[in-house]
């Protein structure tokens with residue numbers, strides 16, 4: 001009897017799930033297909049991404065009449081200012097097509113590291129981007145839900161106006177699942193490269209021993225030093241939200257190795273890596289290039305994923321399952 005009830009509950013749960021029509025930008029096509037593969041309740045839709053002769057967008061949303069009264073989502077990638085305008089044009093229109101609800105999935109909030117003024121005249125572009133997103137029109141179902149992973153500064157959640165409902169998710173569960181699969185899972189210590197990373201992630205990783213590094217200024221240089229913890233003899237995994245040039249991670253690795261770490265790996269949710277800076281981490285059988293045993297990133301920056309392929313030490317932990325779950329909220 002109890003088994004039958006469980007089966008009935010499972011059937012009811014499946015029937016209650018929303019059927020979501022997922023549109024996506026061209027950069028995110030692979031991730032969109034992976035999301036759709038996670039659930040029979042997600043259907044991919046398409047957009048004609050064309051341009052006029054002067055370079056401005058010439059866009060067309062296919063099946064616009066068929067999505068009336070349906071739950072609709074858009075998977076975005078604001079990888080450069082050049083692609084933001086065309087996507088915003090689509091994002092502003094979709095809620096107005098008489099859809100039941102609208103969700104914007106923006107895995108990486110790209111201006112997140114420019115969130116404050118340090119001197120008069122600085123432009124906090126994170127606030128500007130939050131304003132743009134906050135002005136998405138409401139749909140028949142109400143305000144737009146905005147799904148963002150591991151936003152750079154915790155206070156940025158307050159930059160969004162009440163016209164949207166931001167949902168802040170994290171890629172850390174993907175990391176913890178992967179760490180549990182490692183042969184030395186019982187010998188892992190988590191390291192934070194600075195106090196900011198510790199504030200963001202320590203509560204999500206409090207079941208691991210931790211090491212905290214810090215940056216100190218010596219003349220014109222910023223030096224990484226060990227602040228607390230003992231990495232000796234352990235597999236140390238450096239955790240942060242994003243990486244650009246990778247300089248801080250490299251300096252952190254040197255410090256951990258000098259203090260006896262058996263091996264060092266790294267995880268960042270957003271592998272930005274401008275100017276192909278990921279290349280300095282690939283295994284090339286000499287010196288520093290072998291410094292990291294593993295380097296985990298998610299697919300929040302699709303251009304990086306396409307560039308690195310399966311080059312060691314990189315592994316991609318896909319957000320597809322997490323995004324599919326978020327679309328059911």
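Including glycine, each Cβ sits where the backbone N, Cα and C put it.
Per TrEMBL, the feature domain 'Ribose-phosphate pyrophosphokinase N-terminal' maps to 22-133. Residues belonging to the domain 'Ribose-phosphate pyrophosphokinase N-terminal' (22-133) score a mean pLDDT of 96 in the model.
What TrEMBL records for 222-273 is domain 'Phosphoribosyltransferase'.
Secondary structure of the domain 'Ribose-phosphate pyrophosphokinase N-terminal' (22-133), assigned with DSSP and counted as helix (H, G, I), strand (E, B) and coil, comes to 40 helix, 26 strand, 46 coil.
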